[in-house]
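Participant: Questions regarding the structure given below will be posed in turn.
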Amino acid sequence: MTFVFSYNSPVGKWLGFVAAVWVQAISGNNYTFSNYSDALKSLMALTQLQLNNLSVAKDVGKAFGILAGLASDRLSTPVILLIGGIEGFVGYGIQWLVVSGTIKPLPYWVMCIFLCMGGNSTTWMNTAVLVTCIRNFRKNRGPVTGILKGYVGLSTAIFTDICSALFSSDPATFLLILAVVPFTVCLMAIVFLREIPPSSTSAEEKEEVKFFGVINIIAVIIAVYLLVFDISGTHGKVFSQIFAAILLVLIASPLFIPIHLMVKNFIRENSENLDVEGNNNIAEPLLGVEEMVREEVEKKEVVVVAENTVPAVVEKRSPVIGEDHTIFEAIRTLDFWILFVSFLCGVGTGLTVMNNLGQMGLALGYVDVSIFVSLTSIWGFFGRIISGSVSEYFIKKAAVPRPIWNAASQILMAVGYICLAMAMPGSLYIGSIVVGICYGVRLAISVPAASELFGLKYYGLIYNVLILNLPLGSFLFSGLLAGLLYDAQATTTADGGNTCVGAHCYRLVFIVMAIACIVGFGLDILLSIRTRSLYGLYLSILIPSFASFEELIYDHSAYTECKSVPEDALYNGGIMKDYWTNENRVIRSETNSYNFVLNNLSGDTIYSFSSWVRILDADSAVIKASLKTANGTVKCVGNVIARPGCWSFLKGGFVLDFPSSYALLYLQRSDGEKLNISISSVSLQPFTYQQWKKNQQDTIDKGRKCTAIIHISDVQGERVPGASIIIEQVSRDFPFGSAITKTILGNPAYQTWFKERFNAAVFEDELKWYSTEPQQGEVNYTIPDQMLEFVRKNQIITRGHNIFWEDPRYIPSWVQNLTGPDLKSAVTSRIQSLMNKYKNEFIHWDVDNEMLHYDFYEQRLGTNTSLEFFQTAQQLDPLAKLFMNDYNVVETCYDMNSTVDAYISKLRDLKQGGIFMHGIGLEGHFTVPNPPLIRAVLDKLATLKLPIWLTEVDISKNLDKETQARYLEMVLREGFSHPGVNGIMLWTGLHSNGCYQMCLTDNTFHNLPAGDIVDNLLKEWQTGVVHGETDEHGSFSFSGFLGEYKINVKFGNRTVNSTFSLYRGDDTRHLNIQL
């Protein structure tokens, strides 16, 4: 096999992340000034103040990080990396030329410029890496940020220890490494790091979490390894070289992840018969790339001011804390300046220690200060990774404001400075550790705190303004305070420089910095107090999405690929875990089935079943799981198309209304023929009805609703507590509709009944070929035109159903009599006529209905006829959303023609023919619904990253009306609660003589039981009228279903009326209204 690299593949994505880790591991060069500062001081005959100002020049480079932030939205990742690499190569390269004696020392101001370039280079590297990786792994932003920032914290120790191990701490060599290594790593990262679509399935997210855990463990191992080396004293040359070699191996070890994925892909793609379903490209989404990238739409907030209750649009007032701020809005808030000054106190004093460790060490009698530089870096790493996790935990546990951890770090840092001022034996070791920890905490806490206070929309620029504290703090505390006070204590040397030896050299500096930290502590406490309500609000938003540990959470994981190794059993096997006795967890059967004996199954229980299956002596076979209870009842549990040489995932389930003392769960070939079957990772997990419903509701709350916070202010911008608020939802975002028939025309009662309930429609028969052309050449679109006018007038979205129908029973008789060229001409005329007539009128088109069950056209026109239908439809209307549509995929697992794997296989066949399918249509004609099977099928289809629609939902007319209604509720709740479902259509079009299977209303438009269910669910899934008052901060929050809303605000004699929307993808929506 030839490996073809793809950025969008898992291998490409993780190669990019590993490259990002390496960039961060070499991007902490701003903190290494102490390693070569003495050489610069000696060569250039600098005073301590001048040397400190060189350090300030380096830190000033970070102030220009704003340029990198602005460029990140305009330039590609490779270009940003290239700029950073070149700038660092030039900046540190010139310094190397000076220190190595290759060129004469340059003028002081010129050296300041090159140090500034070196400092600025890392801002380009960090921006490229952080922005790209957060976008690529947007559902795991915390682990991404922690890992990358952690490696930045280790980078100083990595540089220092490798250089000292291999080159005896030579300053010139150290600068050469700073110039060459980052440039080389950036060139490598340019090849692999790209922005790609993020993961969208639970399986991918679980894999990401697992791999992030591995990288975190590697980072901790590196940190401990460096720490042990640094504290173990002087080492011989050979030992140091071995240490450096092992360290490089550890740094390279995250490469194991993409290699592991590459090997897995190689094994899978070379297994026997893995191409039955087009498995070669199985990792690629079926959805076209252009459809996967969601367009970011600017949502302009409209603020309304009331004058005599007449609304008028005015300029938006300053936002309140917790919502999106521009940089100009942020700097006008007191909270920004509290955070800014507090940040200055922490990082400014921390940088002073880092920049002056060389002189501090010499003053206290240490010749080699590399140990202190390494200690600061390593403990800074631990400060970053621990504080981020701890602060997050306490926010979710008790709404502890994040700035409180900054306050704790400030006090600890003040204690560290006092310890340094006392100059006790070993105090520099203690001080280096304390400063490293607190500096790491400060960075790790302030980054998310700023986003929580001022929002994410403009966060890049706000963050870059906030880190202006780095050069500012370096200048104030290191350049001025430390430099001036040190020079005051120093004596002039023979070469024109100055030096100071003794504890007194920096004692006053440490005392002043301890006082600064105490001031910072007070500011952080103040900010914590001011943001208590904000974090309390965060907690109230987070609590609904976190189930109690006693709750059983449904696992949506599913897999469509055939794997070389089965995944672990869901729920750790559930009640099946005791069946595993062999080490490899594989059961083999050489008969026609394998049976599991289950004892004492509970009634009123829903069972979710899953297993991995492999066969050994057939090209492929449908393996069906069934359950036989003690009373002889047989239930279909699920099915899968299994293959030899790899493992296929079967997922389904069953419902038991009554207990069964004994049951047989068996897997066998669907046709009953003998087959050698291997089974692994079997799981059977029971859920109570309450647990099942709780999972449904949690998913609805997470995916179908959004939290909105309304902030009310007066014309002066002051918040208004006690304002009365009334909110009402006026339209739904989720498409919920029904079929309509021509009986709706000229029937005002039917029209009113329909439009009061539904926001989507589909014509039951009126677009079908037998309706529009009952006789050859007699095309008539009068009825569908009139029905289209009705839905247009009422702004009801409508599906196009259908262009062709493969079932011969519903093909016009004159078409059935055609053959060869005549039939080809007829179908060409049909599709061109229909799609040209209704171009851009329907949101979807069911192109070739029920292809899994019938093949009328393919039998007569060739095996590629269905593909040609889709190709023609795509050519005639490139913007049309093309759907497959079939029955018995989600309704049952008895129909072997329409298994979920057969549906997926057909989708892949179309994809191989060049068709990017836009959606999955599941008809949903149920008799007795099986909720766990419905959910399992939806889970598996959701991995394809295509919108799923239930297109023709009804319940069999052979059941009584009450049972119909009960079963309909089951189906609708499963559909609405599943995150992969994007719309539901009922097949309840009303004819003069009733409905196809199920009616919602009688001919006088009085609800039948099924109609009551629909009305009740529509009411449940729409936000009712919300009444409330703004709190003491002038804010009011509520959680509502996605859609359009109107709001009325009253305070005294002032009234405001406005509208707003809650969109899919919103986390929390902030709205500002001015009275």
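Glycine is no exception: its Cβ is also placed from the backbone N, Cα and C atoms.
Remember, TrEMBL labels are computer predictions, not curated facts.
Taken from TrEMBL, the feature domain 'GH10' applies to 720-1017. Annotation source TrEMBL lists transmembrane segment at 75-94, 106-134, 146-167, 173-193, 214-232, 238-263, 336-354, 360-382, 403-423, 461-486, 506-527.
Could you tell me the structural context for the features on the list?
Facilitator: If you take every residue in the domain 'GH10' (720-1017) and average the pLDDT, you get 95.
Nonlocal intrachain contacts for the transmembrane segment (75-94), taken as residues 6+ away from its ends with a CB within less than 8 angstroms of a stretch CB, comprise 23, 29, 61, 68, 106, 114-125, 127-129, 131-132, 175, 178-180, 182-183, 185-187, 189-190, 193-195.
Within its own chain, the transmembrane segment (106-134) is flanked in space by residues 16-17, 20, 23-24, 27-30, 40, 44, 46, 50, 53-55, 57-62, 64-65, 67-69, 71-72, 77, 80-81, 83-85, 87-88, 90-92, 94-95, 98, 141, 144-145, 148, 152, 178, 182, 186, 189, 193-195, 460, 464, 471, which lie at least six positions past its ends and keep a Cβ under 8 Å from the stretch.
For the transmembrane segment (173-193), same-chain residues at least 6 beyond its ends with a Cβ under 8 Å from one of its own Cβ atoms are 12, 15-16, 18-20, 22-23, 26-27, 29, 32, 35-36, 77-78, 81-82, 84-86, 88-89, 91-93, 95-96, 99-100, 118, 121, 125, 128-129, 132, 159-160, 162-163, 167.
Residues 3, 10-12, 14-15, 17-18, 21-22, 25, 158, 161-162, 164-166, 211, 214-215, 218, 221-222, 225-226, 229 of the same chain, all 6+ positions outside the transmembrane segment (238-263), place their C-beta atoms under 8 angstroms from a C-beta of that stretch.
Long-range neighbours of the transmembrane segment (360-382) within the same chain, counting only residues 6 or more positions beyond its ends whose Cβ lies under 8 Å from a Cβ of the stretch, are 28, 31-32, 34-35, 38, 150-151, 153-158, 160-161, 164, 169, 219, 223, 226-227, 230-231, 353-354, 420, 423, 427-429, 432-437, 439-440, 499-503, 505-506.
Through the fold, the transmembrane segment (461-486) approaches residues 47-53, 55-56, 58-63, 65-66, 68-70, 119, 123, 325, 327, 330-331, 339-340, 343-344, 347-349, 351-352, 355-356, 359, 446-447, 450-451, 454, 500, 505-506, 508-509, 512-513, 516 of its own chain, all at least 6 residues removed from its boundaries and within a Cβ separation under 8 Å.
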Participant: Are there residues at least six beyond either end of the transmembrane segment (336-354) with Cβ under 8 Å to its Cβ atoms? List them, or say none.
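Facilitator: Contacts of the transmembrane segment (336-354) (Cβ under 8 Å, skipping residues fewer than 6 from its ends): 31, 33-34, 59, 330, 360, 373, 376, 403, 406, 409-410, 413, 417, 420, 431-432, 435, 438-439, 442-443, 446, 449-450, 453-454, 466, 469-470, 472-474, 476-478, 481-482, 509, 513, 516-517, 519-520, 523-524, 526-527, 530.
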Participant: Near the transmembrane segment (146-167), which same-chain residues lie under 8 Å Cβ to Cβ, leaving out any that are not at least 6 residues past its ends?
Facilitator: 20-21, 24-29, 31-32, 35, 126, 129-130, 133, 173-174, 177-178, 212, 215-216, 219, 222-223, 226, 229-230, 235, 240-241, 243-244, 247-248, 251, 370, 373-374, 376-378, 380-381, 383-385, 388-389, 440, 443-444, 447
